[in-house]
Amino acid sequence: MMPPDTDIREDTCSSVPIGEILSFMAKYSDQLDAVLTALADPTRRAVVHRLGRGSASVGELAEPLSISLPSFMKHVRTLESCGLIRTQKTGRVRTCVLNRDRLDLLHDWLAEQRRIWEASTDRLERFVTDGTVADSTDADDTARDDEIAHGAAAGNGGNGGNGGNIHSREES
């Protein structure tokens, strides 16, 4: 059970409303997960990098890599299924093209993460240099930031003295 004086804030990292972040995450979660999973493999990253210079056949893409064509085709299918590339077969040649729109999804997500962290670090910098949190729109946020600062200075980490634990267990 939480102590009654514990302040649970929805958004402790930035001035971005938590609802906006969750909405973005929910809207793009499956697509973004698929793209990030595909890009986790160095072979697939190499393919995306090469296709950034223009379309290429599967054979051209597989040539510099030391893997069999059937193994390479698994990578192609993974990239295609998440939407990072499109393929077109003409005769016996399968040509791959980078889908830049899918990269925009990743770019937008990374830009949002950057915005969140820059806002957070900017607030921290202002707090460290000025001792204030100027961008706080909620008086409770300012009071909580002051409480944290004074608690940290007093040696209890600004968490009500519970040793860094946000949740406390109710003893029987």
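Even glycines carry a Cβ here, placed using N, Cα and C.
According to TrEMBL, the domain 'HTH arsR-type' annotation covers 24-118. In the domain 'HTH arsR-type' (24-118), the DSSP tally of helix, strand and coil residues is 63 helix, 14 strand, 18 coil.
If you look up TrEMBL, you'll see 134-172 marked as region 'Disordered'.
Positions annotated as compositional bias 'Gly residues' by TrEMBL: 154-164.
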What mean pLDDT score does the domain 'HTH arsR-type' (24-118) have in the model?
92
